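Okay, structure first, notes after.
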Amino acid sequence: MSEQVTFQSHEDRIVGKHVFGNLYDIDPEDLNNEQLLKDLVLKAVEIAHMNLVEAKSWSFGGKKGGVSVIALIEESHIALHTWNEYNYATLDVYTCGEDSDPQAAFKFIVEALKPRRYQVFFADRSSS
């Protein structure tokens, strides 16, 4: 049996906020540290006033190995993927509802990983 969750604003619409980007030239030790990356994502969930459902992480070997961390939140998700060969990561923070702050989650992770440069993009994923 599954529960149905509906996010509505005062205007009776779904509010979707999507912040995503690319992080370049990150310390290789941080990029490969699965526990560090998972801890950062979990802390970002708290900072952004999100409600965690479950978090999973995976470490991948090989030439283009890295780490992936996915946090399923009631409001949607945070996904962090790293590629150690390129000192590169992608970060995706998507939330529904007005109470969460995906920009705060994105900013926290970027500040913790200290990339030499990064790109950030914003998308309004609201229903109207």
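Glycine is treated like the rest: Cβ placed from N, Cα and C.
Taken verbatim from Swiss-Prot:
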type	residues	note
ACT_SITE	SER76	active site, schiff-base intermediate with substrate
ACT_SITE	HIS81	active site, proton acceptor
ACT_SITE	CYS96	active site, proton donor
MOD_RES	SER76	pyruvic acid (Ser)
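Taking a C-beta cut-off of under 8 Å and a sequence gap of six or more, the residue listed as 'active site, schiff-base intermediate with substrate' has these contacts in its own chain: GLY16, TYR94, THR95, CYS96.
Every protein chain shown contributes to the tally, and the Cβ of the residue listed as 'active site, proton donor' ends up with 22 other Cβ atoms within 10 Å.
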